[in-house]
Amino acid sequence: MGIKQLFSIIKDEAPAAIKEGDIKNQFGRKVAIDASMSIYSFLIAVRSDGQQLMNEAGETTSHLMGMFYRTLRMVDNGIKPLYVFDGAPPKLKSGELAKRFQRKQEATEGLEEAKETGTAEDVEKFSRRTVRVTREHNAECQKLLKLMGIPYIVAPTEAEAQCAVLARAGKVYAAASEDMDTLCFHTPILLRHLTFSEQRKEPIQEIHTDKVLEGLGMDRKQFVDLCILLGCDYLDPIPKVGPSTALKLIREHGTLEEVVEWMKADPKGRYQIPEDWPFEDARALFFEPDVRPADDPLCDFKWEKPDIEGLVQFLAHEKGFSEDRVRSASIKLQKNMQTSQQARIEGFFKVLPKTEEEKKAHKRKLEEQAEQKRKKVKEEKKEKAKLKAKPRGA
């Protein structure tokens, strides 16, 4: 899931784009969270015996436990979360989904074998691979969020794309997801590790897209082309093209069209482009995803007072959670929801959008940087060729 090796490229090539900090640094901010990715992470938090958390009736409760307590943690730290759920996947994603299903089938068989003959580590490994977020998981989490007074929306297709739209429109400060492809949908800021458990002690990663483009010396189209070449959910990667090669090819040729033409004309025949590789369609899904516009009435979010008795009924009486813990946590939620109405100081000042002239100047700057990097790559290539052609001992 996501873009292969993208974070390592950003870390190496555009380190200024990444900030790491404590969850408290996000106080007073609204954040759009990729719900499906979060639920998946809650479900794979299995115990050492390979079993998910269940109640006495044998019903899985890992997703509810994670959603309830991780959301409480965010509100405790002054964050106003809203969740975005996946809708129907784009048709181009069907191949990736089929492969995921096949891997889960194989993992299920591996899990049964591991239970018979394997170690605890094998059982846990295969258990994680069999996890799938179902409609029931989503429906129960949506019910829980409604009782908590936390807003949510179901995206027409990809949750990450909807999160990015909300962030660009200023409805939220950032999109939160572990999927790096959220950057391809052009969220200004991506937060990672926001829904991780406190015990993992992982800092919140804040990735700024404008700094990513600046560090890479690319415009948005080149960046998306790089991500497609690295391997995304929509297309298989091209064999023998790793992160270093992908970066070099985009810098040298500028676009995927040019890269593909160069590969086809390569006399050494080093690269085999998959027969069905519609990169233009994949690019269009990143640039023109099916999303609700930010001014849609469904995107008018409100954080409500939690229904304490409803939470006790659902989590304690129906799902087997501790009534005392649910009640005390719900009362704390109610109190924190009231105090979270305080805004950050920056919220009092309206951020003026860039003028068209400023946008054009920024685009020119990125294009100039990209051209400089392309020239540098070509010069290095020529220099290597000269050294190679130079006779030994000369």
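Cβ atoms here come from the backbone N, Cα and C positions, even for glycine.
As given in Swiss-Prot:
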REGION    1-104  region 'N-domain'
BINDING   ASP34, ASP86, GLU158, GLU160  Mg(2+) 1 binding site
BINDING   ARG47, ARG70, GLU158, GLY231, ASP233  DNA binding site
REGION    122-253  region 'I-domain'
BINDING   ASP179, ASP181, ASP233  Mg(2+) 2 binding site
REGION    341-349  region 'Interaction with PCNA'
REGION    356-394  region 'Disordered'
COMPBIAS  356-383  compositional bias 'Basic and acidic residues'
COMPBIAS  384-394  compositional bias 'Basic residues'
Self-check item: Cα-Cα distance linking GLY231 (DNA binding site) and ASP34 (Mg(2+) 1 binding site), given in Å to the nearest integer
Solution: 20
Quiz item: Could you state the CA-to-CA distance between GLU158 (Mg(2+) 1 binding site) and GLY231 (DNA binding site) to the nearest Å?
Solution: 17
Quiz item: Counting other Cβ atoms within 10 Å of each Cβ, which of the binding-site residues ASP179, GLY231 scores lowest?
Solution: GLY231
Practice problem: Across the whole of the region 'I-domain' (122-253), what does the mean pLDDT come to? Round it, please. | Solution: 92
Exercise. Find the one among the binding-site residues ASP86, GLU160, ASP181 whose C-alpha lies closest to that of GLY231 (DNA binding site).
Key: ASP181
Quiz item: Within 8 Å of the centroid of the Cβ atoms of ASP34, ASP86, GLU158, GLU160, which other residues of that chain place their own Cβ, given that this set defines the recorded Mg(2+) 1 site?
Solution: SER36, MET37, VAL84, ALA155, THR157, ALA159, ALA161, GLN162, CYS163, SER177, ASP179, THR182
Quiz item: What three-state secondary structure does DSSP assign to ASP179 (Mg(2+) 2 binding site)?
Solution: coil
Self-check item: Nearest-integer angstrom distance between the alpha carbons (Cα) of ASP181 (Mg(2+) 2 binding site) and ASP86 (Mg(2+) 1 binding site)
Solution: 14
Self-check item: Mapped DSSP class for ARG70 (DNA binding site), helix or strand or coil
Solution: helix
